[in-house]
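The divalent metal cation binding site annotation in Swiss-Prot covers Asp8, Asp9, Ser39, Asn95.
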Amino acid sequence: MNILITNDDGINARGIKTLAEKMSKKHNVTIVAPREQKSASSHSISINIPIKIREEKIDGLDCKAYSLVGTPADCTQAGISLLVKDIDLVISGINRGFNSGTDILYSGTVSAAIEGAIYDVPSIAISMDVKWDRDDEDYSKAANWVNKVVDLAEKKYLKKNVVLNVNVPNINEEDIKGLKVCKIGKSTYKTEYVLLEEDNDKVYQTRGVRNQVEKDESDLYFLSQGYVTLTPLHFDFTNFKELNEVKKIFE
C-alpha cells in the first residue's frame, strides 16, 4: 500500500521514525510531518498563513519525507492534495503519550488521522503511553501492534470514512493482555493554575491530574488493565440520540 505517515510531535520525533521503519518493510511510505512540536493542536489548520514545505532526509530511512511549517491537519491535507499520489492509508503517530478518552478532542495526532477520513482515505492514529521524565522511549511495541492492525485492516477492514484510534500501554510487550475494541471514556482532570508572574498580565502554568478511571467498557479502563485499545472514530459530531427530540422542540 501507499501509506502517508504524519504526527503532531514533529518530524524529528522518535515515534514517527520507528513507525516509518516498520511500515517501510512492506509498504511504500511517505512522511509529511510538522517541522516543530505541535502537540494538542487539535484540528486547527492554517488559514491566511503561508505553508512552508521542505524535503528532508531522515537518518536510517529511505522513504520520501517532508517537513511542514503548519499543523498536523495541514500535513495530512498537503500530503493528500499535493505531495503524494494514490494514498491508500494515513497513519498518524506514534504519539508520545496516550490519545484516549475525550482527550482525543485536543489531539493533533488523532485530528491528522481524521483529516484523512474527511478526504475519504482510511486512517489510523497510534499512540503509546510514556514515562514523561525521560525521552528515550522504545516505540517498537507500538509499531508491532499497529502493524498487526494494518495487516488485518488491509485484508478485512479499510473504510474510507473511519479512523481507527489505537493506544498501547507502557508495559513490557509480553505483559500486554491483548487488544480490546471499545468506546472512548470521559477524561476528567483536577486542574491547578500556578501563578508564575504578575505584571500587566497574570501568567499561569496549568497542571492537570487525571481523576480516577471508572470501571466501564472504555479505552481508559482497558488501558489501565494492560490492554491495547482500538476505537473506531468518525468526524460527524452529530448527537443522533438527541436529534429527534431537539427537532420537536426547536423546529
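Glycine residues also receive a Cβ, built from the backbone N, Cα and C atoms like all the rest.
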Cβ within 8 Å of the mean position of the Cβ atoms of Asp8, Asp9, Ser39, Asn95: remaining residues of the chain near divalent metal cation: Asn7, Gly10, Ala13, Gly15, Gln37, Lys38, Pro72, Arg96, Gly97, Ser107, Gly108, Thr109
Fewest other C-beta atoms within 10 angstroms, as judged across Asp8, Asp9, which are the binding-site residues: Asp9
Fewest Cβ neighbours within 10 Å, where candidates are the binding-site residues Ser39, Asn95: Ser39
Assigned element (helix, strand, coil) containing Asn95 (divalent metal cation binding site), judged by DSSP: strand
Helix, strand or coil at Asp8 (divalent metal cation binding site) [DSSP, three-state]: coil
